[in-house]
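Chemist: Let me give you the structure first, and then I'll get to my questions.
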Amino acid sequence: MSFKASILTLYPDMFPGTLGQALAGKALKSGAWSLDVTQIRDFATDRHRSVDDTPAGGGAGMVLRPDILAKAIDHVSSTEDRRPRLLMSPRGTPLTQAMVRDLATGPGAVIVCGRFEGVDERVIEARQLTEVSIGDYVLSGGEIAAQVLLDAVVRLLPGVMGNAASGETESFEAALLEHPHYTRPTEWEGRTIPDVLTSGNHARIDAWRRERAEALTKARRPDLWQAQARKKPTADR
Ligand code: SAM
């Protein structure tokens, strides 16, 4: 069975959005994954179809009501559904490649896109929503965050990436940022391709790429470099 994504949102027209294009879009059309999108507002009960209310205790903004969101979640995901239930949230666990890989090996995901000030805490607890953040900044809604997460997952699904090997050396897969890339023309604006890459010597090319990946990681992401140095005590700190 292919990866099944169910989105809950107040803006269903934002989907498939970027996920309908390029690699993810082709994979969607070919059935490598499926997407269903549910309008949370369809579960509202009053004549104004309202889904939010003022925050208990006062303060700015509005909060998504737990009863309405729970009904929407229960509609797309029964108790037998083994898919993780995610809530896109700046308070959440930061999205990593390891998390993406884990999701890509599973049956899919139910993804709630928040709006306003956020979601009533009780529905997070009662429906066991795992909060996931795509970075330390605040978006106006969870839809773009959900697309970021799904884009990263879908490219790892079986048969989606043309050259499967390309995934293995990518940034974060080996706890390193990826080495630089070059292509033709061999000389451009006076800049040439490093000789080693045109030498045909694959052992030297691999060593050069490894060395550049390590240097880039040390310079740009000392946190990643330290983390991998802790895993491998022999690595240069
Ligand atoms: N008041 C919230 C806070 O300070 O944590 C921010 C709410 S934000 C305006 C509205 C919605 O956008 C959130 O409920 C969430 O679904 C989504 N969102 C915003 N930033 C995000 C991020 N960095 N990662 C994932 N989702 C995010």
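Note: Cβ is positioned from N, Cα and C throughout, glycine not excepted.
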Chemist: Check each of the ranges 40-61, 216-237 against TrEMBL and return the one annotated as region 'Disordered'.
Modeler: 216-237
Chemist: If I go by TrEMBL, which of GLY114, GLY159 binds S-adenosyl-L-methionine at the same site as ILE134, GLY135, ASP136, TYR137, VAL138, LEU139?
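Modeler: My reading of TrEMBL gives GLY114 as the candidate in that site.
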Chemist: State the count of C-beta atoms found within 10 angstroms of the C-beta of GLY114 (S-adenosyl-L-methionine binding site), not counting that atom itself.
Modeler: 28
